[in-house]
Structure formats: C-alpha cells, structure tokens
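Look at Swiss-Prot and you will find 1-24 tagged as signal peptide, backed by sequence analysis. Look at Swiss-Prot and you will find 27-259 tagged as domain 'Peptidase S1', backed by sequence analysis. Positions annotated as disulfide bond by Swiss-Prot: C52-C68, C149-C220, C181-C199, C210-C234. The annotation active site, charge relay system is assigned in Swiss-Prot to H67, D116, S214.
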Amino acid sequence: MTKFSSFSLFFLIVGAYMTHVCFNMEIIGGKEVSPHSRPFMASIQYGGHHVCGGVLIDPQWVLTAAHCQYRFTKGQSPTVVLGAHSLSKNEASKQTLEIKKFIPFSRVTSDPQSNDIMLVKLQTAAKLNKHVKMLHIRSKTSLRSGTKCKVTGWGATDPDSLRPSDTLREVTVTVLSRKLCNSQSYYNGDPFITKDMVCAGDAKGQKDSCKGDSGGPLICKGVFHAIVSGGHECGVATKPGIYTLLTKKYQTWIKSNLVPPHTN
C-alpha cells in the first residue's frame, strides 16, 4: 500500500488543521432504514471497524471525504464493505473489497476544508446485484435554502457517544443559506462556507450528521447533491452539518478519473 503511506504525513497535518472541527460525522435524530434499501452505501473500515461512509458511483470506485484517509496509519490495510445493513452481523449480501488507492481532490492540499472529497479505487470491481448498486451523480443545480434532504450513515445516535450505530440510519435535514452559515452567530467564517460547500441541519438542533459518517451522501428530492464533510459539535442548531457540494468542477474531476474506468 505505497500510495497509502505516501499520504500519511499530509493527512496527519490536515488532521491537525481540522481538530477544532467535528470531521467524522454520524447521524443524530434519525431512524433505521429498511434493510438494504440504500444499496449504494459503503462502509470504509480497518480492522473490521467502521471509519467513514462512502457512495458506490462505479463498480470499482467509491466517493467519500478526503479527510477520512488521515485516520489510517502506516501498515494498516483499509477495506470497503458493500451490501451491508448491520455492521456486526454476518450478512450474505456483504462484499468486502480491498482498496487499491486513494485519490483526493488535487487542490485539497491548498484548501482542505473546501475540497474535502476523495475517490477510492477498489482492488477489484464490486458485483452489482439487488443489495449492491451504484448511485449516479446527476446534480446540475445548486441547492436552495429550505430544501429538505436526507443523510444516511452508520453513525452514533447520541452526540455524546463515540459508538457507531450497528444498523444503517437516515435523517432529514434542511439546507441553510451560505449567508446564514457564515454569519457571526453560526460559523462566522470558521470554516468559511464556499460555493463548493453547503450546510444543512435542524432549527432545533435535533437532526444532524456528526461523528462516523463522513463521506456519506446528501440526497435531495432523489438527487445525489453532496457528501458529508464536517461541522462543529453535533446536533447544535447554530452549528449545522457541512457538506461538499458536487459542483461542476468536482464532477469533471470525477469523470476524468473514471474514464476510461478500469485502465489505471
């Protein structure tokens, strides 16, 4: 895993830069989904432990958050688990695949908070079936304030707990304007929510993404619009979840890596 070790120092630096921000998201205030009803979901793991979420966008590619990589240390062999509902049960639908390489967005080094997106290439292609399916990126417009969206993940249901949920859960959040998110009473520019980011949460702070589900999808009206990135604390109304918006520049970058899809 030479590719993995070559990034270890960089992501330790990025990790230190992001320590004041909760960048390992989970689901707060949601409910368990029907088993295998979200067949595009991926669990990125090491040693059998869930680290981050992800989305299968091609049989050999998973989309996730770039900061997830710094959680691995030299010598570890991370894997991707597809077709799961329960993390602990021995489900016949599960496929555990080795990771060939991580490809963070090219400008993540210069601006890690606003370019928190990464491709994960699998060693072998996933076998698509009713439990393992791709989620295509079709987002063409920005998200308007007030839009209702769903976030899915295996994160903890209690913001004070570090234990992930054993089963896949989902919560509905509301998109907030960048002006509000960057205001003094919200994030006050730390981090600054750019046009490549969006924040979403709940007016009462009871619904949020928080620890353990970074890289999972934000789906609005059936369209895959963004991935979970971070946020201060968990379930706090004035510190809503932060998401990397799948803007044109990211979609172009993704396509450039996937086409031709299996020759790298």
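Placed from the backbone N, Cα and C atoms, the Cβ positions cover glycine too.
Among the recorded positions D116, C149, C199, S214, C220, the ones whose Cα sits within 10 Å of the Cα of H67 (active site, charge relay system) are D116, S214, in sequence order. When Cβ neighbours within 10 Å are tallied across all protein chains shown, the highest count among the disulfide-bonded residues C52, C181, C199 belongs to C52.
Separation of the C-alpha atoms of C181 (disulfide bond) and C149 (disulfide bond): 17 Å, rounded to the nearest whole number. C220 (disulfide bond) and S214 (active site, charge relay system) have their C-alpha atoms 17 Å apart, to the nearest angstrom. Averaged across the domain 'Peptidase S1' (27-259), pLDDT for the predicted model comes to 88.
The recorded positions shown are D116, C149, C199; of these, the one with its CA atom nearest the CA of C68 (disulfide bond) is D116. The Cα of S214 (active site, charge relay system) lies closest to that of C52, out of the recorded positions C52, D116, C149, C199. The two recorded residues, C52 (disulfide bond) and D116 (active site, charge relay system), show a Cα separation of 13 Å. Cα of D116 (active site, charge relay system) to Cα of C199 (disulfide bond): a distance of 14 Å. Taking the Cα atom of each, C149 (disulfide bond) and C199 (disulfide bond) are about 11 angstrom apart.
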